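Asks: TrEMBL lists these features:
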- 21-291: domain 'G-protein coupled receptors family 1 profile' (DOMAIN)
- 6-29: transmembrane segment (TRANSMEM)
- 50-74: transmembrane segment (TRANSMEM)
- 94-113: transmembrane segment (TRANSMEM)
- 134-156: transmembrane segment (TRANSMEM)
- 191-218: transmembrane segment (TRANSMEM)
- 239-264: transmembrane segment (TRANSMEM)
- 270-293: transmembrane segment (TRANSMEM)
Amino acid sequence: MLKSIYVQICMWIEGVFATLGNLAVILWWTLLFKRQRKSRRKMNRVQSLLFCHLAFADLLMGVYLLFIGTYNEIWKGEYFLHDVEWRAGVKCKIAGAIATLSSEVSVMLLAAITADRMNTILFNFSARRISFKLAHVLCLFIWVIGFIMSFTPLLVPSYFNDKISGFNFYGCSTVCLSLQLSTDRPAGWEYSVAVFIGFNGAVFFFILVGYIAIFVKVRKSGRKVRKSSNNAESSLGKRVFFVILTDFCCWMPIMVLGVLSLMGKFNDPSVYICVGVFVLPVNSAINPVLYTFSSSQTINNIRSLRRKWLKDKGVIRLEGKYLFRKRKSDQSSSAVTTASTPLRTNDEAAGLQSEAKIYEPDKGPSSAERQMLVIAERQLLVKVDDEEKKSIMRLLLMTRSQP
């Protein structure tokens, strides 16, 4: 099925990354939906919904790669005995349909994400932002179009089945891809040209123009507001560059090879297999990092979850050090109050637990704040062990003695 060991290794790597990465994205956004359903803004909810659907579409590509890789291992050294059975069977048809569904739904969702960002950033149509319900309808429409595009070759055998070889549209290659682009022009080649060259090429051009326009708009706006926006512009420029680069690496080789094949200047079936297995799934493996885990919104959410976890555990940080974890099975977590919180009496010490805030080490306290910090700690120390008292007081006195 796959002769090159390098292609096999790349297929397994991309399959694992696409599967695990997109599963992590789905779990991440599901967690945020449940945690911040009431507090999230419409823009964030719409973007999150689009990212969830994009992750599920890319997850299908990971499933396809692992499926092909599994059968390649099962039939290693004896695939020629199962070639006809495989390419004419239902498994190959379903695998090819899933790969096409994943690819085209991902393409359309990337276009939808680009359009939503252009609507908000480029045109500033704040009053015309897409609603959450309309986003659901849009995603449903995209999936319906994707199913039609991927399963049509299975429903119209009179046009898509090759009369010479007898194989169906997806069975013309050993990896069951719909890239029917060769000088032989097999059955369904017009469909492949329309989808992989015409449609995907138009979407790539739209995304290219859209992100360049967004970068230019943000750069001009940043210069008008302040001159110290170089870091933000650099970060945005890197993300735009990688978005365009991955899309270019994914789609451009397929379009170039397709055009050369139609012109009769290229015909190498082994190259199509390499392109289909290695190049086509690139976006599916990189999109989780590119659109979710590298965004400032996700990074801030991770930091927020980390601070909440530390607060729930009762971990107090002072001058970059963890002082203690004060959490009993029968008591709630507590932390140190800052200078903005008034001191309370011993009877009101319990109120510190609900009003306390975790101390931020990057904002160094003044001498007065350190003194108040010691007093507040003494009010809370009545509930900790003796050994913890000694270590805490040593650290507090060391901090208080600093200039």
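The backbone N, Cα and C atoms fix where each Cβ goes, and this holds for glycine too.
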Asks: Between 50-74, 94-113, 270-293, who has the most Cβ pairs under 8 Å to the transmembrane segment (239-264)?
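Replies: Stretch with the highest Cβ contact count: 270-293.
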Asks: Cβ pairs under 8 Å only, please: of the recorded stretches 50-74, 94-113, 134-156, 270-293, which one is richest in them relative to the transmembrane segment (191-218)?
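Replies: If we count Cβ pairs closer than 8 Å to the transmembrane segment (191-218), 94-113 scores highest.
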Asks: Over the domain 'G-protein coupled receptors family 1 profile' (21-291), what does the predicted model average in pLDDT?
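Replies: So the average pLDDT across the domain 'G-protein coupled receptors family 1 profile' (21-291) works out to 82.
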